[in-house]
Amino acid sequence: MRRACIIGASGVIGGELLRLLLGHNNVEVVCATSRRFAGEFIYRVHPNLRGFINLKFTQPSIDAVLKSESDVVFLALPHGESVKWVPKLVESGLLAIDLSADFRLKNPDDYVKWYHWPQPHPYPDLLKAAAYGLPELHRDEIKATKVIAVPGCMATASIVSLAPLVKGHLINNDFIVVDAKIASSGAGAEGTVLDYHWHRTHVVRPYQPVGHRHTAEIEQELSLLAGSQVNVAFTPHAVDMVRGIFVTGHARLSGSISEPDLWRAYRGMYGNERFIRIVKDKAGLAHYPSVKYVVGTNMVDVGFELDQRLNRVVVFSAIDNLIRGAAGQAIQSFNINQGFPEDEGLRFITPYPV
């Protein structure tokens with residue numbers, strides 16, 4: 001049994017971590033912190049957990065974490081905050097699983113460029129040692145590390161959809177277009193006025209159409225697979241959903257590529273993966289991925305279509321942004337690191353109909 005602490009447990013992702021870890025056979029949640037709600041019962045902030053947990057939130061501090069005798073610490077903090085915690089946790093011998101961006105990018109200077117930090121990352125050695133927590137690409141690194149950087153939600157969906165094509169050198173890497181649609185829960189517990197219901201309902205609204213910070217992760221990971229620079233034009237949109245991300249990507253083919261070539265690439269990379277399904281079906285109700293069939297799960301559904309007229313490929317992916325895009329992927333990586341079954345605590349099927 002592993003003892004777990006969640007730093008920043010009162011937010012949307014913190015609540016999802018609590019919910020999932022309470023169903024994990026090898027985890028006991030012993031500590032959950034919140035500056036705002038310290039001293040309050042957890043179920044009063046996360047009403048869905050009433051009857052499942054009687055802990056109270058505590059003030060966040062290293063001393064509180066050490067006093068709890070935790071083995072693993074999940075950090076669900078705003079960007080720029082985890083970097084203050086992780087070095088101390090690692091020094092204390094704990095496994096740190098960070099759901100912010102603070103350890104995702106390998107180049108220290110990228111934090112100035114993409115996150116507007118006043119200086120490069122202050123812990124370049126720890127940054128290098130951290131594993132990018134996308135299990136299907138970095139399983140070996142995740143097993144061996146003490147710091148897991150959980151990928152961004154839209155980055156996860158984008159990378160998984162394109163990775164087989166990039167790895168197989170089936171597309172041109174100089175200009176890939178990625179369009180993402182994300183639900184309102186992606187804004188977290190403290191969004192802007194534009195995340196209020198009357199602004200968000202019945203809307204498809206682009207935001208940060210150029211220079212979105214998830215671009216850095218997508219390019220980093222795809223470039224590693226390609227062995228050369230991959231350039232991605234990434235544009236997200238806010239849409240009228242509570243949960244979910246849907247990605248559509250477009251890329252030029254690198255040569256005369258057939259549909260069987262595409263199938264071989266996707267099956268070769270994902271055919272044995274527990275949490276990735278290839279959805280491309282001429283029969284049935286679901287011809288391509290859909291958010292409806294992944295919500296509430298750790299699945300990534302991917303699909304593709306060949307456009308022979310323009311010599312391009314269109315790719316699709318769908319995930320639950322709070323599970324596969326955050327808490328679920330964190331737990332999947334935790335399971336790998338600790339030698340537990342990869343799907344422990346994550347064996348969910350989407351309710352249907354919803």
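From the backbone N, Cα and C atoms, a Cβ is placed for every residue, glycine too.
Pulled from Swiss-Prot, these are the features on record:
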type     : residues                                                : note
BINDING  : Ser10, Gly11, Val12, Ile13, Ser34, Arg35, Arg36, Asn321 : NADP(+) binding site
ACT_SITE : Cys153                                                  : active site
Rounded Cα distance in angstrom between Ser34 (NADP(+) binding site) and the residue listed as 'active site' is 23
Count of other CB atoms lying within 10 Å of the CB belonging to Arg35 (NADP(+) binding site): 11
In sequence order, which same-chain residues at least six apart have a C-beta under 8 angstroms from Arg36 (NADP(+) binding site)? Ser10
Counting Cβ atoms within 10 Å of each candidate's own Cβ, which of the binding-site residues Ser10, Ser34, Asn321 comes out highest? Asn321
Min neighbour Cβ count (10 Å) across recorded positions Val12, Ile13, Cys153 flags Val12
By CA-CA distance, flag whichever of Gly11, Val12, Ile13, Arg35, Asn321 among the binding-site residues is nearest to the residue listed as 'active site'. Asn321
In three-state terms from DSSP, label Ser34 (NADP(+) binding site) for me. coil
Can you tell me whether DSSP puts Cys153 (active site) in helix, strand or coil? helix
